[in-house]
Amino acid sequence: MTDDAPAPTTAAWQQRWSAALMNNYGTPALALTRGSGAVVTDADGREYLDLLGGIAVNALGHAHPAIAAAVTEQMATLGHVSNLYIAPPVVELAEKLLARFGVDGSRAFFCNSGTEANEAAFKLARLTGRGEIVAAEKAFHGRTMGALAMTGQPAKRAPFEPMPPGVRFVPYGDADALDAAVGENTAAVILEPILGESGVVVPPADYLAHARRITAERGALLILDEVQTGIARTGSFFAHQSAGVVPDVMTLAKGLGGGFPIGAVIAGPAAADLFAPGMHGTTFGGNPMSVAAALAVLETIERDGLVDHVAAVGKTLAAGIEGLGHPLVDHVRGSGLLLGVALRAEVAKETEAAAREAGFLINAPAPDVLRLAPPLILTEEQAAGFIDALPAILDAASGSDDQNGQS
Ligand code: PMP
């Protein structure tokens, strides 16, 4: 492009996107070209406060210098080496995550996404010699066939049937249903500590503890999918820690790489030794660049006290939104910086579009729920700015006929 050629606008990018990309994402409403902290800029030069953070991914916001420096240095020192060799930062990352997990005899496996982490957990479960997985209705665990088979959303599975067999679903949050479903052939129960994709649904306070007791009594693994809730997102380092529950297996991704693709399976002693050499692997899993990004994320969370920060800003946001007393807002749920705003009408899509018009990125995981999952570095001032703007956004949404918002 020459200096005087105009840069493509969002509309131009949308046209090219819809001609060149498969239609599985539809055509997004924005083309984003720059970001800094919790603020992003679109191709038309408009700025937005990013309250979605790539859906709970951007732990440190956009263009964080610690991640940029760590990845650049790693790339300039040693690039990809495959899992035929040890790249020392991989060992360091595993040790750091195991220390956070805090269970002797644990081990890590690295992959590239949340889906892959859950796929690996599914395979670990099958190695117990038992056949069945118990999963929750409405849960989301990913899009590969195994992760999809455990995803409790029939509409997502339907086009791709038949699924891998051996998954039984129970209503989320119902300890009695779990009690009835877990038996001698149950290899594992897989649960999200909070349902992320289905609208930030928080289970009853003792649900995870019940799941832990039932699985322990009956010799089944408890797998917690912390892909969305892990890495300080909910105001504790892992969501299971605030629930006082230790799973046998935990899956991570999203915030772990702060924008770089990386997933992890952390397994305690009941499952850590199930994979024998050659049984499972992936070319890019635990590649040094993704690992360098993850190490920078963990170091920054620690150095900047982001776990406590998330808890505090999350409280400001939740209390501030509820405190508006707006007639459309029923309640705010979730924890830390994973919040769902439950609306009294099915106008979440319209609200997402109105928020975008007003310069805020949020999304609508359900017709009557807004999701906020901003970068963990969101400031109190930025949170206050959104709270101030929300009444006008909600008014515009409830009076608007705009049905075109994308999520
Ligand atoms: N598990 C949960 C709880 C998720 O929220 C997601 C992504 N939304 C996944 C798994 C899948 O992760 P990925 O998109 O990285 O494959």
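Cβ coordinates come from backbone N, Cα and C, glycine included.
For the pyridoxal 5'-phosphate site, TrEMBL records G114, T115, D225, E226, V227, Q228, T283, and the single candidate of F140, F160, F169 listed with them is F140. In the three-state DSSP classification, R143 (N(2)-acetyl-L-ornithine binding site) falls within coil. Checking the binding-site residues V227, Q228, T283 against ligand 1 with a 6 Å cutoff on the Cβ atom leaves V227, Q228, in sequence order. Separating the Cα atoms of T283 (pyridoxal 5'-phosphate binding site) and K254 (N6-(pyridoxal phosphate)lysine) is a whole-number distance of 19 Å.
Within 10 Å of E226 (pyridoxal 5'-phosphate binding site), counting C-alpha to C-alpha distances, fall the following of the recorded positions R143, K254, T282: K254. Farthest C-alpha pair in the pyridoxal 5'-phosphate-binding residues G114, T115, F140, D225, E226, V227, Q228, T283: 25 Å apart.
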